[in-house]
Amino acid sequence: MWSSTRTSVSCFWGQGQVRSRSSNADFPGIKERTLVAVKPDGVQRRLIGEIIKRFEQRGFRLVGLKMLQAPEKLLAQHYVSLQKKPFYPSLLHYMTSGPVVAMVWEGHNVVRSSRMLVGDTDPAGAAPGTIRGDLSVHISRNVVHASDSVQGAEKEISLWFQSAELIDWEGCDHNNIYHL
Ligand SMILES: Nc1ncnc2c1ncn2[C@@H]1O[C@H](COP(=O)(O)OP(=O)(O)OP(=O)(O)O)[C@@H](O)[C@H]1O
Ligand SMILES: Nc1nc2c(ncn2[C@H]2C[C@H](O)[C@@H](COP(=O)(O)OP(=O)(O)O)O2)c(=O)[nH]1
Ligand SMILES: [Mg+2]
């Protein structure tokens with residue numbers, strides 16, 4: 001689904017050696033990706049930076065980012081499972097009320113971890129410390145989206161991004177488990 005060439009950044013360890021990379025074939029899930037989107041209320045409330053900060057601090061890698069006015073057709077596909085819900089029209093109205101910031105984050109178990117970072121769908125039940133638990137009060141204005149399964153993430157990423165818009169890069173921070 002994503003490009004196979006990985007952009008290399010020289011990593012200097014300790015006394016300045018460049019450490020050679022081991023294969024990551026032994027670490028399934030290491031390159032897992034998920035779709036996260038700052039919803040229109042998050043953009044309006046200037047929360048883009050705060051939300052990106054939480055994913056970066058956790059150690060995930062941003063591999064795709066764009067701001068867009070989401071077309072209704074895209075949202076209809078994205079929320080296809082909610083089409084029959086009574087709140088569906090208001091959900092589409094909300095999601096088209098302003099620009100959205102769509103992102104793809106990569107890392108070990110990023111789908112599950114993102115859902116934990118984001119918190120419960122209903123902010124009233126979202127734990128303090130989570131994005132929704134700290135920054136929102138109502139389910140219909142819950143500031144952020146995160147895919148809820150690996151399969152769903154793959155589908156959503158291909159819906160929101162062309163593969164050429166995703167950058168395969170490698171860093172050299174202490175969270176870089178490619179070097180384990
Ligand atoms: N009862 C509700 N009333 C109003 N809006 C709702 C309600 N339930 C869900 N929503 C909206 O629809 C979105 C999608 O619902 P879903 O059940 O997929 O929750 P989610 O997976 O936590 O959210 P998202 O898919 O946006 O990450 C919610 O994030 C929320 O904005
Ligand atoms: N108004 C309203 N909106 C709802 C309801 N259930 C879900 N939504 C909205 C908010 C969710 O973030 C969005 C997507 O639903 P989801 O995928 O089940 O939840 P989540 O993945 O956002 O946590 O739909 C709901 O019951 N009422
Ligand atoms: Mg959902």
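Yeah, the Cβs are placed from backbone N, Cα and C, and that goes for glycine too.
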Matching residue for the ATP site, where TrEMBL names Lys39, Phe87, Arg115, Thr121, Asn142 - out of Arg33, Arg46, Arg132: Arg132
His145 (active site, pros-phosphohistidine intermediate) and Thr121 (ATP binding site), distance between Cα atoms, whole Å: 9
Other C-beta atoms that fall within 10 angstroms of the C-beta of Asn142 (ATP binding site): 23
CB within-chain contacts under 8 A for Arg115 (ATP binding site), separation at least 6: Ala146, Asp148
Minimum Cα separation from His145 (active site, pros-phosphohistidine intermediate), reported as the residue among binding-site residues Lys39, Phe87, Arg132 that achieves it: Lys39
Close in space, distant in sequence - Phe87 (ATP binding site), Cβ under 8 Å, 6 or more apart: Ser140
